[in-house]
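Pulled from TrEMBL:
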- 87-110: transmembrane segment (TRANSMEM)
- 162-283: domain 'Heparan-alpha-glucosaminide N-acetyltransferase catalytic' (DOMAIN)
- 168-185: transmembrane segment (TRANSMEM)
- 205-226: transmembrane segment (TRANSMEM)
- 238-257: transmembrane segment (TRANSMEM)
- 277-295: transmembrane segment (TRANSMEM)
- 316-336: transmembrane segment (TRANSMEM)
- 397-420: transmembrane segment (TRANSMEM)
- 427-445: transmembrane segment (TRANSMEM)
- 465-484: transmembrane segment (TRANSMEM)
- 496-513: transmembrane segment (TRANSMEM)
- 533-551: transmembrane segment (TRANSMEM)
Amino acid sequence: QCLYQFLAFVPPSNGSLRKPSTAAVMVDTQHPLTLLLNSSVGDREFCKIQYHFGEFGNYSLVVKTLSTSTKTVSCDLVINEDPINSYLPILFAFLVYMGILAILIVGHLFMKIDPVRNWVYKKLNPRETDRLINSELGSPNTTDSISSDPTRRLWSTTSRQRLRSLDTFRGLSLIIMVFVNYGGGKYWFFKHESWNGKPYFPSAVFYRFVFIMGTSISLSLSSMLKWGSSKWKVLGKIVWRSFLLILLGIIVVNPNYCLGPLSWDNLRIPGVLQRLGFTYLVVAALELLFTRAGAESGTLETPCPVLQDILPYWPQWIFILMLEVIWLCLTFLLPVPGCPRGYLGPGGIGDFGNYPNCTGGAAGYIDRLLLGEKHIYQHPSSSVVYQTTMPYDPEGILGTINTIFMAFLGLQAGKIILFYKDQHKKIMSRFVIWSIVMGIISAILTKCSKEEGFIPINKNLWSISYVTTMSCFAFILLTLIYYIVDVKRLWSGAPFFYPGMNSILVYIGHEVFENYFPFKWKMEDSQSHAEHLTQNLTATTLWVIISYVLYRRRIFWKI
């Protein structure tokens, strides 16, 4: 429903020279385009052609007059030069990484040979790191080394090993985020979705971070309270950690640095770390406030044992439902000047250009009203396709409500792990049930369509359908990783496990050193997918290596 945009004017041909007139233009290859040819006199429509052009292809749209009396014309699309296969660099990169994986597997097999293993261990002198990584704000311990302390010995008999699947899940999400933030090889599917629709790779990463953060909250708070920490002490740690995340997001990881030195005039207030920090504060405080003694151990009686991980926490669900009611009321009932009530569109030339300054509807209006236009994101993804001119922040105020809901669903996953200790089938079946429930809700909200549902999937708005859809996928992914890594132990989680152990350091580090060598260098051909992909994969791989070295040296940055 985009308004047609002027592309080119073709002057009249010189009939005496029998030479056709021409006009050369460049067109986008990300989406199929509709070309409309009109007469310059009377604006009469001659022809309309829809076509998906390929990268670096050369095409001619040949227009001929068939009859001067009836003024009929023919429009034929001719391929002068075939487009390139832009996916070959991805195939080559895949083969390279598969080769590296094969070498590592062979090395692992050699390590099973006693003389080889003994020699390598003697050279490397590896040290135990498990005790350090099981810190208070990490995932729960599931086996600690037995100390002489009788209380610790008692605890060790009932505890289990740290769930590597959670760190693997977090690390996988982080590494994809780093690769995408570095450019993703300049492929369109590694960019953010312009507006509505199932998110591409980058938009489908942040939600996993939020989800697994909620899971870790449940496990870490349970661990701290079992160790005897008071609720006030734990609350102090929650507030301090949230403050640091928000501060780091505003001062260190701020995209408005590209506009020049930061000042209050152009300081972006919302952001990824800011939203993570506030979400962590709300969800962790909610869990701390309503946690009940005996609930996780199963000693607390509930009228419905099947819902023993839900019913004891009914105040939390009421709070979350109240937040969702607030989101729905503000989104669909708040009057926005110059915009239809309940508008969820991108503005700009979208919706036939009827609402050019209504980007994001109520969500955008609230941010501009409370924060000011200069303190939010200046280059939203909608500006590329829909040519929006209004600033819009995808990490704005209103969308934070649904981010809290997403983290709360991750919190529920953590409770399932705690309630059904060592009962792998029950844990995975609960994950699958939650995935199905979220999928059904998404199907109802969206009517299984991109644009025609009650509430479309939209990452920019963090719509409720986006949360239910992404949580559906999150539960499925967590089930698979949990089964492979922690149940069957078919995979250690490497290499994603290592950045998952140092997620804050890797995320902030990749943002700070983004434009420094060896993470970035001057390219010979800036239009080459191969060069961009090489650079972006090299930078991402370097952060994996850095996280591995830090892991080996027992260096973990936690806040």
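Every residue gets a Cβ built from N, Cα and C, even glycine.
Mean pLDDT across the domain 'Heparan-alpha-glucosaminide N-acetyltransferase catalytic' (162-283) comes to 85 in this model. The transmembrane segment (205-226) makes no contact with the transmembrane segment (87-110), as judged by fewer than three Cβ pairs under 8 Å among residues 6 or more apart in sequence. Listed as Cβ neighbours of the transmembrane segment (533-551) (distance under 8 Å, sequence separation of 6 or more from its ends, same chain) are residues 89-90, 93, 129, 171, 175, 178-179, 182-187, 495-496, 498-499, 501-502, 505-506, 509-510, 518-521, 523. Sorting each residue of the domain 'Heparan-alpha-glucosaminide N-acetyltransferase catalytic' (162-283) by its DSSP state yields 86 helix, 1 strand, 35 coil.
Long-range contacts of the transmembrane segment (496-513) within the same chain: residues 133, 164, 166-172, 174-175, 177-178, 181-182, 209, 248, 252-253, 273, 519, 539, 543-544, 546-548, 550-551, 555-559, each at least 6 residues beyond the stretch ends and with a Cβ under 8 Å from a Cβ of the stretch. Using a cut-off of 8 Å between Cβ atoms, the transmembrane segment (397-420) and the transmembrane segment (87-110) share fewer than three residue pairs, counting only pairs 6 or more apart in sequence.
Packing against the transmembrane segment (87-110) from elsewhere in the chain are residues 116, 185, 187, 529-530, 533-534, 537: each is 6 or more residues past its ends and has a CB under 8 Å from a CB in it.
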